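**Student:** Have a look at this one before I ask anything.
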Amino acid sequence: MLLNKYFLANRNINFIVMALLFSSSYISASSFISGPSAVYKYGLSFILLATIQIPTTLIAFIIVGERLNRESKKINAINIIDYIRYRYKSDFLALISGCILIFFSMFLISAQLIGGAKLIEVFLGINYIAGLLLFALLIFIYVFFGGFKAVAYTDLIQGFLMIVSSVILFSKMLDLGGGINNLFKTAMSILDKDLLIPSNVDLKPQYIISFWILIGIGILGQPQVINNFIAFKDENAIKFSLPISTFIISFLIILMHLMGFFAIILFPDLNPNDKVVLNVALKVLNPFSRFMFFIGLLSAIMSTVDSNLLLITSVLMKLIIYKKDLKEDIKVKRVIMISNVFFILIILVFSFFPPNFLFFVNIFAFGALEVSFFSIIVFGLYFNFVSKIAALASMFLGLMFYLCILCFGLNIWFFHPVFPSFFVSILTFVIVNFFCKKYSKVY
């Protein structure tokens, strides 16, 4: 079927390519641009937040990966919404889930496009809007014409470029600072205490715990990450990919965030915004190395955008096709093209007025998706009986609680809004599911 070929490449992608796909789609503009910039502003405490992403890969592969792959193949699912529809036997839940996934994923994609446009602006001197349009057009072309297979193999190349570019800049900064030991000795002698320990007034322990949930266990509720497991050939491919993905993600996160800290020592007068690591690269790299770093950063962004764009297009396609009889391939292709164009245009509108830190746009969308999807994905895979009413209640109350805290600026013991909302969502599911009529896991 055309949909399986376009959105999953018929599950025939090599496990090494899938490992690079998972890694490169997970490592985004936030990790390459905003993460180091936030470290430049907050110090080592922000690296503590970021390192929780290292065991995150293990959590996702072990707890969700194999089970979701096995269950999705039983029903020939092409995305996580397909699984939710059949697991809970509810078209309405699938519709609501799909709308939430699409809406908040557009914020994630917008953040990446903004990062790419800023990158083009800094390195090539092109106007931000022109860079934004050019970048969006490039991604649209290869996603639309190549589908998942094009995304997978471009992500393989992009993953390699990300590693090379990060090593180039990290090595140059080590040379300038006289080695890693000398850099830390200098930091101890010249930096404020708040930049060396997690005592910054904006990063209290409660906030750190919240982020450990947000980018730790909460990843199980991020459909744009979890959806990758559906495309693996089988469970063995997932097992073989685990160490590769874990190493790549760990390596890149540590390197990029350390660069942000070293920049405090080497270049203390930079403006603490999303252009910190870009400005450092312009200062220290020769033209060829600068070009390689530019390509590597652009690769990190493109690999996240293409996967997310493919996901939301597949969700919209299945929501349409499930209700309408689109048998001819030509009709399906037309709907795919219209969907891609529609999403790109909406996301471009979101991106015309960028914030100072893309990280917080990502965090907003991450939180919303996690409180909406964590319970229905994880409990759907592990509970023998689940209720669509429990799923709807969990999704609604968790998301509403999260948005209300953000909108009204409520401060719940200095925890990030995702922390209380996460537990409201979980408790709601467990309690409502207990009192509701259960559904069998047999399809």
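From the backbone N, Cα and C atoms, a Cβ is placed for every residue, glycine too.
Pulled these features from TrEMBL for this protein:
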- 12-33: transmembrane segment (TRANSMEM)
- 39-64: transmembrane segment (TRANSMEM)
- 92-114: transmembrane segment (TRANSMEM)
- 126-145: transmembrane segment (TRANSMEM)
- 152-171: transmembrane segment (TRANSMEM)
- 207-230: transmembrane segment (TRANSMEM)
- 242-268: transmembrane segment (TRANSMEM)
- 288-314: transmembrane segment (TRANSMEM)
- 335-353: transmembrane segment (TRANSMEM)
- 359-382: transmembrane segment (TRANSMEM)
- 389-412: transmembrane segment (TRANSMEM)
- 418-436: transmembrane segment (TRANSMEM)
**Student:** Using Cβ atoms and a strict cutoff of less than 8 Å, what residues sit near the transmembrane segment (12-33) while being 6 or more residues removed from its termini?
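**Tutor:** Sequence-remote neighbours of the transmembrane segment (12-33) are 50, 53, 57, 108, 111-112, 114-116, 118-119, 148-149, 151-153, 155-156, 158-160, 162, 166, 224-225, 228, 231-233, 236-238, 240-242, 244-245, 248-249, 252-253, 256, 274, 277-278, 296-297, 299-301, 303-304, 306-308, 358-359, 362.
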**Student:** Taking residues 6+ outside the transmembrane segment (92-114), which of them lie with a CB under 8 Å of any CB in it?
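**Tutor:** The answer is 28-30, 80-82, 84-85, 132, 135-136, 223-224, 301, 304-305, 308-309, 311-312, 315-316, 318-319, 322, 343, 346-348, 350-351, 354-355, 358, 361-362, 364-366, 368-369, 372-373, 376, 388, 391-392, 395, 399.
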**Student:** Tell me, please, if the transmembrane segment (335-353) and the transmembrane segment (288-314) are in contact, taking contact as 3+ Cβ pairs under 8 Å between residues separated by 6 or more positions?
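**Tutor:** They do touch: at least three Cβ pairs between the two stretches lie under 8 Å.
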**Student:** With the transmembrane segment (207-230) as the reference, which stretch in 152-171, 242-268, 359-382, 389-412 has the largest tally of C-beta pairs below 8 Å?
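**Tutor:** Checked against 152-171, 242-268, 359-382, 389-412; highest Cβ contact count belongs to 359-382.
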**Student:** Same chain, outside the transmembrane segment (288-314) by at least 6, Cβ under 8 Å from its Cβ: which residues?
**Tutor:** 3, 7, 21, 24-29, 31-33, 78-79, 101-102, 105-106, 108-109, 112-113, 115-116, 119-120, 123-124, 135, 138-140, 142-143, 147-148, 151, 154-155, 157-159, 161-166, 168-169, 172, 223-224, 227-228, 278, 281-282, 336, 339-340, 343-344
**Student:** Are there 3 or more C-beta pairs under 8 Å linking the transmembrane segment (418-436) with the transmembrane segment (359-382), counting only pairs at least 6 apart in sequence?
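**Tutor:** Contact between the transmembrane segment (418-436) and the transmembrane segment (359-382): present, because at least 3 Cβ pairs are under 8 Å.
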**Student:** Test the contact criterion for the transmembrane segment (389-412) and the transmembrane segment (418-436): 3 or more CB pairs under 8 Å, pairs 6 or more apart in sequence, then answer yes or no.
**Tutor:** yes
**Student:** Cβ under 8 Å to the transmembrane segment (126-145), counting only same-chain residues 6 or more beyond its ends: which ones?
**Tutor:** 113-114, 116-120, 151, 154, 298, 301-302, 305-306, 309-310, 336-337, 340-341, 344, 347-348, 351-352, 354
